[in-house]
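Reading through the structure tokens given below for one structure.
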């Protein structure tokens, strides 16, 4: 008994048997404190490593479907502006260049609102902006339905400004929220979401052309589109969901997402310049292909369906681009896609037969759709944490909105009369190829930063 007590309560001897556990305890404390966010540069990696992404499951796929519906109603409707361009040129006394400002402003505000909506998304106001944006967007379409098509300013206010603001509030958050559910297959998820814009670009032109020319008239044709949009956005708001803490709930010591910090990131600036140049010329066929077909004396039916064929090809491109980016990297994907888009723009001048028009529309749709689909994952891949995703995509959309605002009006001004098609075609092709060269530089910078060719 006494021996056991002595053994249990033995005192430290001269050899320091008890000093080793003490050292181990100190080491244990040091190890535990090493993982605390004591320094800004270490807190973000530790925080991001703790986040688990399901990369699938019921809620993740519902969020993809909800985003698809948003893209269908917003970007899809805007991609159909070629139908309105053709209709307004015939109904309105304004020039083609002036009328193209309506569609340019619609896309401009859609992208411009990416910065505030992306910032609000990061701050945790996802459902708030989705509801406000949905209401404003449907309201703007209803206002367009009662606009007088001979009054330019009414079309500009309803379609160019109001619908652009409403759609801009909901598009970027619907894309950014995919980063809450996906990591390894994030580009694929965003690509599927943006397939909705291509699908909308197929459905809306066919629907509106049929309704415009079958006696229903402009007002009720637009109302029919507005009611369809309303139903889809109601469903989308129920399907979309967040699952990660907002920037307001970030761990203590973690840096707050900052516009100034993001805007001074060298590779990010070069990527923005590349996308700016690409989108400056990329949308030219979407706005003017239907008018080009009509000017070549081809059938009016082909002219009507040309935009739908273009968007059908775009669906194929967006479906494959995300999967490609997940395998070989977004930068490795966008460089060849951008180069092919620049070359195909020049091919539009040779599309003077029904077969030529269809071939051009399908091919340009595939590669332009892939390009548009690659932009969000390209911007998201540069985020240093999930708290920056909305800001990175939103700021990118904000900057490139000025390319969208000016690109097609410049093309319209260069076009002038319908016998000078080579001028806008040359402008669009050259700026897209300039964007390709800039993308090559951006890729080289990212390879150096990450130390791998898989970027």
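Heads up, the Cβ atoms here are built off N, Cα and C, so glycines get one too.
Now, the feature entries from TrEMBL:
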- 1-50: region 'Disordered' (REGION)
- 59-453: domain 'Major facilitator superfamily (MFS) profile' (DOMAIN)
- 60-84: transmembrane segment (TRANSMEM)
- 96-113: transmembrane segment (TRANSMEM)
- 125-146: transmembrane segment (TRANSMEM)
- 152-175: transmembrane segment (TRANSMEM)
- 187-206: transmembrane segment (TRANSMEM)
- 218-240: transmembrane segment (TRANSMEM)
- 268-287: transmembrane segment (TRANSMEM)
- 299-317: transmembrane segment (TRANSMEM)
- 329-351: transmembrane segment (TRANSMEM)
- 357-383: transmembrane segment (TRANSMEM)
- 395-414: transmembrane segment (TRANSMEM)
- 426-446: transmembrane segment (TRANSMEM)
**Asked** Who are the long-range neighbours of the transmembrane segment (426-446) in its own chain, taking Cβ under 8 Å and residues 6 or more past its ends?
**Response** 266-267, 270-271, 273-278, 280-282, 284-285, 331-332, 334-335, 338-339, 341-343, 345-346, 382, 407, 410-411, 414, 455
**Contact check, the transmembrane segment (395-414) vs the transmembrane segment (96-113), 3+ Cβ pairs under 8 Å, seq sep 6+** = yes
**Message:** Please report, as numbers and ranges, the same-chain residues at least 6 past the borders of the transmembrane segment (187-206) whose CB is under 8 Å from any CB of it.
**Reply:** 60, 64, 67-77, 79-80, 82-83, 174-175, 178, 181, 225, 286, 304-305, 307-308, 310-312, 314-315, 317-323, 325-326, 330, 365, 369, 372-374, 376-377, 380-381
**Asked** What is the pLDDT of the domain 'Major facilitator superfamily (MFS) profile' (59-453) when averaged and given as a whole number?
**Response** 90
